[in-house]
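J.: Positions annotated as Mg(2+) binding site by Swiss-Prot, on the basis of sequence analysis: ASP81, ASP123, LYS124, GLU491. Among the features that Swiss-Prot reports, [2Fe-2S] cluster binding site is placed at CYS122, CYS195. Residues or ranges marked as N6-carboxylysine by Swiss-Prot: LYS124. Here Swiss-Prot flags SER517 as active site, proton acceptor, drawing on sequence analysis.
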Amino acid sequence: MPILRSATSTQGRNMAGARALWRATGMKENDFGKPIIAVVNSFTQFVPGHVHLRDMGKLVAEQIEAAGGVAKEFNTIAVDDGIAMGHGGMLYSLPSRDLIADSVEYMVNAHCADAMVCISNCDKITPGMLMAAMRLNIPAVFVSGGPMEAGKTKLSNQLIKLDLVDAMMKSADKTVCDDDVDAIEKSACPTCGSCSGMFTANSMNCLTEALGLSLPGNGSMLATHADRKELFLTAGRQIVELCKRYYEQDDASVLPRSIATKAAFENAMSLDIAMGGSTNTVLHLLAAAQEAEVDFTMADIDRLSRKVPCLSKVAPNTNKYHMEDVHRAGGIMAILGELERADLLHSDTRTVLGMTIGEQIAKYDITLTKDEAVHKFFRAGPAGIRTTKAFSQDCRWDTVDDDRQNGCIRSKEFAYSQDGGLAMLTGNIALDGCIVKTAGVDESILKFTGDAIVFESQEEAVEGILGGKVRAGHVVIIRYEGPKGGPGMQEMLYPTTYLKSIGLGKECALLTDGRFSGGTSGLSIGHCSPEAASGGTIGLVRDGDKIAIDIPNRSIQLLVSDEELAVRRAEQDAKGWKPANRQREVSMALKMFGHFATSADKGAVRDKTKL
């Protein structure tokens, strides 16, 4: 029978000093012997997705203590990728994921916590906490802050829905007047919560549902809606139940590694492909799988991407639907239900509610249940009122969206495409693969051959795009922006946004060893592995080289002979695999990240051979 980890510091005469300190935190005599549960919060005033989380830890803690546990809250850092975008701050975004994972491990292990509730929301925070949960393998429940409402404004007397990407794109479009840019800026992000489309933050919070580590509705219920409060209350109660089952009943099936098995990772990836999620999720799932010691690789992603259809298109892949519309259509349980009916889901994986994922679908899929409470839950909608307060409104749609032919979520029969929303491409320029969000690619450019134009940094690429160097037919190469080469593997949202703003969104391709924001769409191919700094072929491309991209056949080729590439490689070996003439100040923290980082196909995690 497992014993409470916290007994190390709460039991026995020799722990009198530790107990004295525990008492100073508010613990009483009868608290010693109860499970100590870490409430891992990520409140910060820097990030709209986290600005409302200050009081969430208290909500969870009250439920933990009422159910018989002891709650102890601490905070992690949180980086806002949108605010860090387009300058040196973006170099810190991906490394913050690993720092978050480490900080959670440090706090939980230093204080011998027995379990944890992870309160996350935005891009690197959910993955960092997920990596920590897999690493620690103690009972854990995830509950996120929720998505913000979509922005709305009138342009040319027409009401349109907006998000962060619209503000970025229109600001670079010289045909849009200053007044319209101002109106968009002031309307794009109206409430607290993670940005309103299927960007990285919302994608990851949806995937925790598929992994079985969060509650139904976690990925889609709006941050502002009163119904979201119940997710936090339930998380607090449920973590105590998981503690009882593990520590009192010796039931290891409640542990994260027992829930997030390889089958669960496949479910999460299938969901990601079906909903056209952010390409960053590939990076983070690979990293979490390594922490869980699950053999889940790019080969599995490639296999799944060839058979899972695209069942939902949400911003940035369309301006018609945002996360509030996904929720109205039944949320993640509805998409998983369609995958189950298409025989594309492992229905027997477990969840933190003690059910199988199949049992959860039967209970929460709006097309299967007539339960009025479930339908009411998924009718929760936006209020259209600017606010930074959670649970501040109780607006509801009149009906749910259960139209699986033309609605936000489709059945396999009426899928947006039988080919999924994400694809892995391989070829001589990406021997270990690269990733493209096919849900955001226009059908006219699924096959594309063009001339390379090479940039050694994101900044140089932005200057080239806005300066008129990039023309229709170009394949824009941005290299030395991978985990090592950046270092930090910054996102390339500005280059893709600017290509669209100058009318080249369907006329060019972009290939990088860096990564893309969840807000990216178009023929934008990232995670090219091996990266240039590791001797990848992308480091050998020269201006004017032909590159052939064939998404249907999952191929990407540099049309240069092997003999010529061998000559170039020898020359580059002599020079060293570094960007030419790039001026970039790199801190010691970033140098350390780059030194240990693997390429994107390994999740950009630490290379253990260097430890």
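The backbone N, Cα and C atoms fix where each Cβ goes, and this holds for glycine too.
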J.: Please give me the CB contact count at 10 A for GLU491 (Mg(2+) binding site), counting all chains in the structure.
T.: 32
J.: For ASP81 (Mg(2+) binding site), which residues in the same chain are close in space, meaning a Cβ under 8 Å from its Cβ, but six or more apart along the sequence?
T.: MET90, SER93, CYS122, ASP123, LYS124, THR200, GLU491, SER517
J.: Let's check the environment of ASP123 (Mg(2+) binding site): how many other CB atoms sit within 10 Å of its CB?
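T.: I get 34 for this one.
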J.: If the Mg(2+) site is taken as the center of the Cβ atoms of ASP81, ASP123, LYS124, GLU491, which further residues of that chain fall within 8 Å of it by their Cβ?
T.: VAL79, ALA84, MET90, SER93, LEU94, CYS122, THR200, ALA201, ASN280, SER517, GLY518
J.: So among the binding-site residues CYS122, CYS195, who's got the most Cβ atoms within 10 Å?
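T.: Within the set of binding-site residues, the most crowded position is CYS195.
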J.: According to DSSP, does ASP81 (Mg(2+) binding site) sit in a helix, a strand, or coil?
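T.: Once the DSSP labels are grouped into three classes, ASP81 (Mg(2+) binding site) ends up as helix.
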J.: Around the C-beta of SER517 (active site, proton acceptor), how many further C-beta atoms are within 10 angstroms, looking at every protein chain?
T.: 31
J.: With every protein chain in view, what's the tally of Cβ atoms within 10 Å of the Cβ of LYS124 (Mg(2+) binding site), excluding that atom itself?
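T.: The answer is 29 other Cβ atoms.
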